[in-house]
Structure formats: C-alpha cells, structure tokens
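Feature list (source: Swiss-Prot):
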MOD_RES   ALA2  N-acetylalanine
DOMAIN    8-43  domain 'EF-hand 1'
BINDING   ASP21, ASP23, ASP25, THR27, GLU32  Ca(2+) 1 binding site
DOMAIN    44-79  domain 'EF-hand 2'
DOMAIN    81-116  domain 'EF-hand 3'
BINDING   ASP94, ASP96, ASP98, GLU105  Ca(2+) 3 binding site
MOD_RES   LYS116  N6,N6,N6-trimethyllysine
DOMAIN    117-149  domain 'EF-hand 4'
BINDING   ASP130, ASP132, ASP134, GLN136, GLU141  Ca(2+) 4 binding site
Amino acid sequence: MADQLTEEQIAEFKEAFSLFDKDGDGTITTKELGTVMRSLGQNPTEAELQDMINEVDADGDGTIDFPEFLTMMARKMKDTDSEEEIREAFRVFDKDGDGFISAAELRHVMTNLGEKLTDEEVDEMIREADIDGDGQVNYEEFVKMMTSK
C-alpha cells in the first residue's frame, strides 16, 4: 500500500513522523501520539491511543516505526478525507471561528505541533492556499488545498 506514495509524499510523511517522534528514537509511542493529538485540540483516552497504534503496529512492539507510519498514512489517504474530517481540521486552525485561517492562527497551530516556522514560511503557506488573495484562507480554499494533494 505504501508503495503507491510519491517521493514527495514520503518526504512530507517523514517530516510529519519526526513531529510525532519527540525523542527522535525512530518510533512513536502512545505518549508521543497523545501529545500531538492534544496539541491539535483532540482529547484521546489512553485506550484510544493504544487502539490507534495497534491498528498499524505490524511487529507488535507497541509503537509505530516509520514503515508502519507510512502504511497508516497511505491507508488514510485511500479513504480520502470525509467532508466532516476536513471541516474538523479547518476548525482546529480557525481559532477565533471567523471562517478564515489567518497567518497568526496558522503559526499558532504549527508552533503547538513543535514546528517553528519563520514569518516568511507562514506567509508562503498562506499564499499557496489563498486563491482570492485576501491574505487568509477561507473554508473553500482550505478544502481545495486538502483535496489537491
């Protein structure tokens, strides 16, 4: 399944993996998964975290290594994001609920994820998604960005 991913997708997933793998040991534990989920405004129980890991933990060691992570991401991409998942993701970024993601909101979420971005990088991310050029990302633009991957 992971063999259907492009080089670029694999590189992006490698970056995402290292955001989860806080101690850099090459595996994601339930604790690390929980930290990331909570920084995204989710509140999974210990059992839910364990279930998420067990779903893809091919070698049964209780953690997710990079090949297992790739399998999980490939699977997730196959059941392409439902409208509801995309709306939920938009709400995570749209902190003030005004229907737009501003540069400040994007920076806030990325910083919570442990991703330190320069102002230029944040502005570039906004520009890439900002179709109407108003300097922020509305829901339609967000959907286009999420589904054009």
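Using the three backbone atoms N, Cα and C, a Cβ is placed for every residue, glycine included.
All chains included, 10 other C-beta atoms sit within 10 angstroms of the C-beta of ASP132 (Ca(2+) 4 binding site).
The Ca(2+) 4 site is set by ASP130, ASP132, ASP134, GLN136, GLU141; from the centre of their CB atoms, other residues of the chain with a CB within 8 Å are PHE100, ILE126, ALA129, ILE131, GLY133, GLY135, VAL137, ASN138.
When Cα-Cα distances from ASP130 (Ca(2+) 4 binding site) are compared across the binding-site residues ASP23, ASP25, THR27, ASP96, the shortest belongs to ASP96.
According to its DSSP assignment, THR27 (Ca(2+) 1 binding site) is in a strand. Considering only the recorded positions ASP25, GLU32, GLU105, LYS116, the residue whose Cα is spatially closest to the Cα of ASP132 (Ca(2+) 4 binding site) is GLU105. Taking the mean position of the Cβ atoms of ASP94, ASP96, ASP98, GLU105 as the Ca(2+) 3 site, the remaining residues of that chain whose Cβ falls within 8 Å of it are PHE93, LYS95, GLY97, GLY99, PHE100, ILE101, SER102. For the recorded Ca(2+) 1 site, residues ASP21, ASP23, ASP25, THR27, GLU32 set the reference point as the centre of their Cβ atoms, and the other residues of that chain within 8 Å of it by Cβ are PHE20, LYS22, GLY24, GLY26, ILE28, THR29, THR63. According to DSSP, ASP98 (Ca(2+) 3 binding site) sits in a coil region rather than a helix or strand. Mean predicted confidence for the domain 'EF-hand 3' (81-116): the pLDDT average there is 86. With GLU32 (Ca(2+) 1 binding site) as the anchor, the candidate binding-site residues are ASP96, GLU105, GLU141, and the one with the nearest CA is GLU105. Checked against the residue listed as 'N6,N6,N6-trimethyllysine', the binding-site residues ASP21, ASP96, GLU141 differ in C-alpha distance, with ASP21 being the nearest.
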